[in-house]
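J.: TrEMBL feature annotations, pasted as is:
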| type | residues | note |
| --- | --- | --- |
| REGION | 16-37 | region 'Disordered' |
| TRANSMEM | 56-74 | transmembrane segment |
| TRANSMEM | 108-129 | transmembrane segment |
| TRANSMEM | 181-198 | transmembrane segment |
| TRANSMEM | 218-236 | transmembrane segment |
| DOMAIN | 276-307 | domain '4Fe-4S ferredoxin-type' |
| TRANSMEM | 366-385 | transmembrane segment |
| REGION | 486-507 | region 'Disordered' |
Amino acid sequence: MSGPDPLSVLAADAAALRASSRKQRTPPPPPENEPQLYEKRRGVYPQKVQGPFRRFKWLVMFVTLGIYYITPWIRWDRGPYAPDQAVLVDLAHRRFYMFGIEIWPHEFYFVAGMLIMAGIGLFLVTSAVGRAWCGYSCPQTVWTDLFQHVDRLIDGDRNAQIRLANGPWTAEKIAKRAVKWTIYLVISFWTGGAWIMYFADAPTLTRDFWAGDAAPVAYATVAILTATTFTLGGFMREQVCIYMCPWPRIQTAMLDEKSLIVTYKDWRGEPRGSVKKAAKDPGAFGDCIDCNQCVAVCPTGIDIREGPQIGCITCALCIDACDRVMGEIGRPRGLIDYATLDDCKREAAGETPRPAWKTLLRPRTIVYFLAWCGIGLGLLFLLGARTRTDISVAPDRNPPFMLLSDGSVRNAYTIKLRNMESRPRDMAITIDGVRGAMMWTDEMDRADAARSLTLTVPADATQPLRLYVVAPRDTPAQAITFAVRSLDERGERDSSETRFEAPEVNP
Ligand code: SF4
Ligand code: SF4
């Protein structure tokens, strides 16, 4: 009797193996109601709201947008040799101008100091009043708020927006979307356009831009910023705050139970019940009538009644909404309020919350404030004490010296004289040390060598200079100092020490 063909047995085994491994690779269907890793985006259509926090938000929006768009157009007279734009990052000449302050590349520590101050300022604000930066002045918040007002202007308030978003693409919807997105684009383009004005003379750059004569990088920057503003402010909105921005995670680590946050006072609000139900059964319900107004006005679409959460940017619009509801139904305001978790516990236990100044004045905020002031004062001192005259010296290394035919020793140096005033100035360079040494430059005859030279340094410029110093035969190697003094009413001085090299002198 012949058995089964071994090859066909092997093939059958291999097919069975493949089928079983396929089976193992196919993931089982997710059980119903299992939480998903990625939540589907829910549309957020914040409702118009009135109240003190909304008014404050308007104020911050006008001020921040005003500063951003208008600043490059402010003029500041610095004389004929410097640009007259009040705030300018002059990359070509490596200068940063801010009103009366001019920062040179070697003074970058001022910029670093200002950035550190901004960081500490953010820590200070967060530890004192929670995520106020996110809620009021973060560019993402400000532009999103602006675009949401455009939505209301074109589509109507929340309900009209929801109806339009869920409705079919009718002619009206297409027209409204076209108008709205065009306004988004104009705002975004204006935003990108304003940014490049900080890097060149604004009126000149505007003319060049529209004439097609601006640098390609200007067009590329405007295009990129237009696209990002249009996308992040017009469409991604709260998604940026909740998922993309790292700052909420950092801020959460800086908050503690003594930081002010927007809180729903559940001990007062729960259990929720409508006014009708509460009238029927007095004492059975809390103050929250479950009207959902706090959720409807929220720009990130969250429900603050679920507790503190990363999606809350502390804009306090829900406080405005709830206070209005409480006012209308004759219940005390403050069901949603700025409060610390400590005060919430106190209030829940029937105690009175601490006064606001105690919330703000605590060791952490005081330390941040002192650090912030200390750096600020240090920068102001450095700013006031700095001179507008500077010298730096680099000796030639190869060869370090030359022996001239008469036995004297010559060293060569590259000098940089800096005149940080916006006018040309005469400056005197002098040699300190090295007895009998004389100097001259490429533009001079050696016969005119002297221990002191006078030069004119152009306005707002660094003047490079080749300088030769010759000392008598047998002068030993030693330190040499080059001193500079401005020959004007300020008489500013600076000096730089280096080496005068010479052959070893035999005793
Ligand atoms: S607005 Fe106030 S009353 Fe209305 S649901 Fe929110 S917390 Fe409750
Ligand atoms: S929950 Fe209130 S404070 Fe937080 S983002 Fe929404 S509206 Fe603003």
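Cβ atoms are placed via backbone N, Cα and C, with glycine included.
What you are looking at is a predicted structure, and each value in this text was computed from that prediction instead of being measured.
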J.: Taking every residue in the domain '4Fe-4S ferredoxin-type' (276-307), what is their average pLDDT?
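T.: That stretch averages a pLDDT of 92.
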J.: The transmembrane segment (181-198) vs the transmembrane segment (218-236): three or more C-beta pairs under 8 Å (separation of 6 or more)?
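T.: They do touch: at least three Cβ pairs between the two stretches lie under 8 Å.
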J.: I'm a bit unsure how to read this: which one of 56-74, 108-129, 218-236 has the highest number of Cβ pairs shorter than 8 Å with the transmembrane segment (366-385)?
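T.: By the under-8 Å Cβ criterion, the transmembrane segment (366-385) pairs most with 108-129.
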J.: What parts of the chain pack near the transmembrane segment (108-129), using Cβ distances under 8 Å and only residues at least 6 beyond its ends?
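T.: Contacts with the transmembrane segment (108-129): 96, 101, 251, 254-256, 259-260, 314, 338, 359-360, 364-365, 368-369, 371-372, 375-376, 378-379, 382-383.
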